[in-house]
Amino acid sequence: MSRHPTVKWAQRSDWVYITVELPDAEDVKLKLEPEGKFFFSATSGASKTLYEVDLDLLDSVDVNESKASVSSRSVFYLVKKAESKWWNRLTKPEGKHPLYLKVDWDKWVDEDDEDKGGEGDMDFGDFDFNGLNMGDTDEIGEEVAEEDGDGEGETAAETKEKKIDGEKDEEGVNAKKD
């Protein structure tokens, strides 16, 4: 039997932000269907415990415009709504929502505040959404290598390691002081 990871969500009139909190997720699989069917599964931990989420989203979504990104602590989904409007809840079933489903207050912006430019905490860190299309595949790919100008592709972890070893960061300051 599988377990359910904590799932947080927030929205704008045209997007739904879904964060699955699952550290060290492996074998990540995602299926998103146009009618709003959302399925996630992954394993985590030394015993490779299976975690799954199966949701019927409130309304239709644009699978081709939706994206996903995997980090070491969570899996983030940027789901494009088929119709630009605010949803009064995330899922179709009325009544009590699953205990693992929570509002992401760090990303939440009220409907009235959206026009004022309020974006909440929308810093996605080093998430790389390029090439991650949730509609064409059931699996999320490996970490994409970054170009740092030296012609050699590096993962984000390798780039961070270089900065810690004394290279200058974006502001021209040494990241590590002796």
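Quick reminder: no glycine exception, Cβ is built from N, Cα and C everywhere.
What Swiss-Prot records for 112-126, 136-155 is compositional bias 'Acidic residues'. Annotation comment: Swiss-Prot describes 157-178 as compositional bias 'Basic and acidic residues'. Positions annotated as domain 'CS' by Swiss-Prot, on the basis of sequence analysis: 2-91. Look at Swiss-Prot and you will find 112-178 tagged as region 'Disordered'.
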Structural state census, the domain 'CS' (2-91) (DSSP three-state):
0 helix, 57 strand, 33 coil
Check the domain 'CS' (2-91) for me and report the mean pLDDT.
96
